Amino acid sequence: MGRKDSVWSLGDGQPPEDIDKQIETPPLSTLLIEKPQGGSITVGGDITFIAKVEAKDLLRKPTIKWFKGKWMDLASKTGKHLQLKESFDRFTKIHTFEMHIIKAKENYAGNYRCEVTYKDKFDSCSFDLEVKGVCSPTHHSEGQEDAGELDFSGLLKHREPKQEEAPEVDVWEILKNARPDEYEKIAFTYGITDLRGLLKRLKKTKKEEKKSEAFAKKLDPAYQVDKGGKIRLIVDMADPTVDLKWYKNGQEIRPTPKYIFEHKGTQRILVINNCQINDDAAYSVTAGEEKSTTELFVKELPIKIVKELEPVKTTVNERIELECEVSEEGAKVKWMKNGVEVPTGVRSRYRVKCEGTKHWLIIDDAIKEDTATYSLMATGGTTEARVQVDLKPLKILQDLQDITIKLGQPMKLHCEILPVNVPGRWYRNGQLIQPSERLTILHRAKTHRLEVESCTLHDAGDYTFVPEGYSQSLSAKVHIIDPPRVHLEALNAPDNTVTIVAGNKLRLEIPISGEPAPRVVWMKGERVILDTGSRVRAETFPDHTCLTIDVTEREDSGNYKIVLQNEAGEDTASVKVKVVDIPDAPGAPLVPVVGGDWCSMTWDPPYYDGGSPILGKKQVHIHNFLGVQKSIFGGITLVFNHSFHAAWHVLLHQSYTLLLDNLCHSWYKNSSSSAYLPGPPQCVRIEEVWGENVALDWTPPKDNGNAPITGYTIQKADKKTMEWYTCVEHYHRTCITIGELVVGNEYFFRIFSENMVGLSESATTTKDSAVIVKEGMHLKNPEYIDYDFTEAPKFTQPLINTFAIAGYNASLNCSVRANPRPKVIWMKNKITILDDPRYRMFSNQGVCTLEIRKPSPFDGGVYTCKAINELGEAQVDCKLEVKGQSMLLLITSYRVLCKPPLPTSPHHGPHSFSI
């Protein structure tokens, strides 16, 4: 940071400013607009030092530190004698920092330093404090040259505790005799952190000192003593008659029980008893105009742990206090979390408390991340404890409830859990839900709420709330329902009436809606139309329903009712179907009046008007029937027989003449001969073939038999048999669709014409045939799950204990089953057999063989076969015992003795033998 290091006061008291002139330091940035000034007070008095920093160009508050001597940071020494304050004037933009010293003591005298830092800017200022005793001792100029009262407690804290039996070590003597490359190692070993000051001082001590006239031997450059111990500062005088004066940090030392002056020949000795931290200072002795200086380092004893930390197990949001007790009051310690120092700043969650020898680490509101191993480090030891912060048990005060909501209504899901302030996440069908304009997620204390302003079908599903950090979850099902509705406006028909010509195909598709999908029923009157009907059937799809009539007939006219039902309600609608066809004949005519050359006739209208009004009149007057040709209104022609009771027929737009002959009346067309059989139709064509249906089209016959064509008869024949079957009779139109044909057959069709006389003598046959093609069938191959044949090694035949004869090959066999193929390892006495020519290993089809060539007794032992693959391993053992040649001879002899002799005659009976 470019801070100016303090230096040790040496020899003749050369000012530290002169020593530092050799070191080039970078220029410091100016931050202080008012620097603290040195001052002088008496013992027990108060004094205030003020430093001011202008904040015009600063974005945040600068950092200030107050030091005494070289290293003592006064921020850790605040109390009843020292207070640090700071303030900020918003109008002048000036930070004011104050250091108050209350009831000063003698050891408060010395050099102080104020350091200010802001980002990469730095500024510092040094000032002196003089504390005068009651008797107002004379102030020497050397007091300002010394570095003030130095606190080396921080320097010596990290040194290893000194063993009682070990002799004192003079670091300076070691440094004087060491090589320059060993300085850093020695400084690290003996806890010297200010290596730069150490090298300066060492360089000064190595210079040849001027011979003193007053001192035969001056004080050593430095002394070291343990806290509470005793030290002797010895100087050898060249002139014993010269008066000496001893000084501590420039203050003259008076004889007290603590400071004892001794005279021993030419030696003058200063004995300091019960050395404490405040005795860590610069000492000097003057003899006339000459002076000898030294520094005393008081080594603090290691801070030991008296009371260890105890493990803590708690829950979230609870208070945690870790307590530890050390051997000395006011000791500096470090708190660590998992080996990292715990931050204890103003914004930190951790607070450190110290009262006497007790130290606390306090966490007011514990969280799960506070789970760690905490430790306290002191110079004399370390203690640690495990802190476990668990979540509080989840308590469900109100669970989510399954709800059913109508489409478009607001939806609210609500639950309550403990502990409070536990965040969580909402999921729908496993997908995370994010808040939006129409969807709101609320969390207040123990209450969690999910609200949807207007629900849609996509909002239905399984909802889950998962509290953060817990494995438990809350679930509910949301069911969105919509009342069913029939959308007849899609028909675009006036009064919902559909008109169709008889013989054509009718297909009504009507859109429907509803959630869940409604049940649809078509009805005509009290009869329900099923989806399994052949000619008339009703079908239902997810978004519409359909009524199909393959060939419409006059009986299909009427009102059709659609009924939709689901759990949300019911809806009905009606559709009127009007089938238009040729009307029926009117009723039998009556001739109430007959005149000389005229008659009057009346008749009833036809029972079926063909679906449209009859164009004609109920009463027709016929005049001039003697050869006079009249037009009949409404296309109605009457034919009278001998009794004037006419058999009549309906013809369209033709003119006839009524002739009267011997009271026998007949009608003739255009004054020609009577009617006869018509000719066959012309040009019969197959228009289209689809599925099981064939569409036919033809033209009327050229010769109608002197009478209107009243209908047609259509027949079909299979090509294989050519046997004709009638499909439709008395059909009035010149096009028709023949259905329900057999798939795979080939058909011919023929058509007869018909008038009032009868059917035509011949029929017109189609030139081409109609093939009813069988629709292709696609074979869907079944899916089979591959069987998993993999398995870990398993021996199906173990090894068998075997006896072998020395010098004769022996083999060991076993069988193993595994997939994938295992790696087989043979071992003898648990030692793997590798590259040994006496052994041969085989593995074929799972049979494992180990062949031992000409074994000797030393080849006996326990043999193991081990099989390994990626799924596991298995092994079997057996014992092999190798016998010598004597055993072979014994077995051979036994076999010879046991062999029966050959029979001498075939008539001899069985032989007996014994051993």
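Every residue gets a Cβ built from N, Cα and C, even glycine.
TrEMBL labels come from automatic prediction, so no person has curated them.
Record features (TrEMBL):
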type	residues	note
REGION	1-20	region 'Disordered'
DOMAIN	302-388	domain 'Ig-like'
DOMAIN	393-475	domain 'Ig-like'
DOMAIN	484-578	domain 'Ig-like'
DOMAIN	680-776	domain 'Fibronectin type-III'
DOMAIN	793-877	domain 'Ig-like'
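Broken down by DSSP into helix, strand and coil, the domain 'Ig-like' (393-475) contains 3 helix, 44 strand, 36 coil. The DSSP breakdown of the domain 'Ig-like' (484-578), given as helix, strand and coil counts, is 10 helix, 57 strand, 28 coil.
Taking H, G and I as helix, E and B as strand and the rest as coil, DSSP gives the domain 'Ig-like' (793-877) the counts 3 helix, 54 strand, 28 coil. For the domain 'Fibronectin type-III' (680-776), the model gives a mean pLDDT of 91.
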